[in-house]
Amino acid sequence: MDFGALPPEINSGRIYSGPGPAPLLAAAAAWDGLAAELDSGGNILRITNFGAEYQLARPVRDDDGGRGSAVHRMARQKRCAG
């Protein structure tokens, strides 16, 4: 739409007779909610990845019940599968 082609009285009349800020505020709130969900999921993923990296960086000891070696095997399988 070319606002320059219409006189200012028509443009301002259209602006003031529109739906107001409610739809824009509702869309902004929806985007904020989506961003919060994505950020939360990203934080969980970062925490999970940090935990896996920590587990992989630890030396495998016999006193951990074999958990360290299982983590290494799972990581190796994931690398080979991907």
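Backbone N, Cα and C define each Cβ position, glycine as well.
Under the heading domain 'PPE', TrEMBL lists 2-40. In this model, the domain 'PPE' (2-40) carries an average pLDDT of 90.
TrEMBL lists 61-82 with the feature region 'Disordered'.
Sorting the compositional bias 'Basic residues' (73-82) by DSSP state (H, G, I as helix; E, B as strand; all else coil) yields 9 helix, 0 strand, 1 coil. The compositional bias 'Basic residues' annotation in TrEMBL covers 73-82.
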For this session: Count up the helix, strand and coil residues in the domain 'PPE' (2-40) according to DSSP, in that order.
Result: 31 helix, 0 strand, 8 coil
